[in-house]
Amino acid sequence: MQVPLLRLQCGVNSYDWGKLGSESAAAKYAATTAAADFSVDAEKPYAELWMGTHPSLPSKDLETQRSLLDLVQDNVALMSPEVTQRYGGKLPFLFKVLSIRKALSIQAHPNKKLAESLHARDPRNYPDDNHKPEMTIAITPFEGLCGFRPLTEIVHFLKAVAPLRHLVGNQAATDFETAVQGSADSDDLTQTQKNKDALRVLFTTLMNSSTQDIEAATKELLAAAQNSPETFASLVNTPETNPSNPTELASILIRLNGQFPSDIGLFVFFFLNFVELAPGEAMFLKADDIHAYISGDIIECMASSDNVVRAGFTPKFKDVDTLTDMLTYSYAPIEEQKLEPTDYPYVVLNATAYSSASSCLLYDPPIEEFSVVKSELCRPGAKATFDQLTGPSILICTGGSGKITVGHKTELVEEGYVFFVGANAECIIENTGREREDVFTTYKAFCDLTGKEDLVNGH
Ligand SMILES: [Zn+2]
């Protein structure tokens, strides 16, 4: 059998929100292995590099130009018989690099059951019957919206931001305040469910605002953001909100309105946690979690699916009813959405790696389809030897240079290079930089079926 190490050629797509030209990490990486007809156009947005077997943008073996999907289906050992059988011959995960210049749509991804019914009803807008839990790891500073804010923050904004109250209507705002009064922080399950119901009613009211009302409220909101941002936090007992500085909050609203004028997303902002991730920080989104990415370059890994239910910040198809219906309305501070990496135990570092404080960190969400290891080899000669995995992996280099060895095959690795590593193969990576400070950084997504199969989507 051939050595299970393939250098991949991966496509990049051009959604409007992508960073332009070589500003885009996705474009830069794609260019290192691109087909002959690809060149980076400075004016064009490049949004997502796709690494995997998803039919919308499948990766190829660089050498033979055969699709990765064909290769893993012809040679079951590449993914292992277990993974092949469990995921119908397709790679269980889709690995991506996203380069975000302007906000992505406000969205959620359906759970398995809902995905099946949406796909059956509307295959054009919902191309997959699969769920899509996803994990984001920042590679440059990242901003986004993620999950509902703690209710005390929403109550605060209903009072402090007059145009928000005008848009949902005083009655709906008062009903919500009354429903959650005194119980916003309660742990009691019955009370929490009541709070979620109240949030569902209020949020659905907001999302069904008329275009005319949104336009009027936006004018009012922008005037406040420009002239009196301090009013967003001027009340006594203002809770700690994200961002906590009202001037910063106002400037984000002004920026978002520049990207999507008079969009309902400007008001959804007051319902969702505003998240900033430093490079290396991560968050995990369960199915049915509401989110919107605003800026930054990220590594993203998800179950292999392209199902998105959108409701704002987008020129694409919106499905407000499905979105407001599917959300769980769980609310929590942002810290609970972040995912802390841990030391990856199934790797051996050599002495140079140890003495240079090199690291292999594991990002392990509570689902079976994927985990990601980030390796930083901090000095030339630093080397990491990974144990065999029972399933397939895909590795991308985001900085520095090095080499990768599987069996008797060794390949050079530069920024943007992507490799597929087959199941049951030991894999060695090594920093081959010239300067003492040269860091070799890689991310490796993998599926290793080891008892997580019983977990369904983190629930
Ligand atoms: Zn998403």
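Think of each number as a place in line: the chain as shown, counted from 1.
Cβ atoms are placed via backbone N, Cα and C, with glycine included.
As recorded in TrEMBL:
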- ARG310: active site (ACT_SITE)
- GLN107, HIS109, GLU134, HIS291: Zn(2+) binding site (BINDING)
- 5-151: domain 'Phosphomannose isomerase type I catalytic' (DOMAIN)
- 167-272: domain 'Phosphomannose isomerase type I helical insertion' (DOMAIN)
- 361-409: domain 'Phosphomannose isomerase type I C-terminal' (DOMAIN)
| Counting across all protein chains shown, how many other Cβ atoms sit within 10 Å of the Cβ of the residue listed as 'active site'? | 21
| request: Note the Cβ centroid of GLN107, HIS109, GLU134, HIS291, the recorded Zn(2+) site, then list each other residue of that chain whose Cβ lies within 8 Å of it, in sequence. | output: ALA108, LYS132, LEU285, ASP289, ILE290, VAL308
| note | Same-chain residues at least 6 positions away from GLU134 (Zn(2+) binding site) with a Cβ under 8 Å from its Cβ, in sequence order, are HIS109, PHE284, LEU285, GLU300, CYS301, MET302, ALA303
| said: For the C-alpha pair, I'd like the distance in angstrom between GLN107 (Zn(2+) binding site) and ARG310 (active site), rounded off. | reply: 4
| field | Least buried by Cβ count (within 10 Å) of the binding-site residues HIS109, HIS291 | value | HIS291
| said: I'm trying to understand the geometry here, so how far is the Cα atom of ARG310 (active site) from the Cα atom of HIS291 (Zn(2+) binding site), in Å to the nearest whole number? | reply: 10
| Using DSSP, how many residues of the domain 'Phosphomannose isomerase type I helical insertion' (167-272) fall into helix, strand and coil, respectively? | 72 helix, 1 strand, 33 coil
| Structural state census, the domain 'Phosphomannose isomerase type I C-terminal' (361-409) (DSSP three-state) | 0 helix, 28 strand, 21 coil
| Segment-level pLDDT (mean, integer) for the domain 'Phosphomannose isomerase type I C-terminal' (361-409) | 96
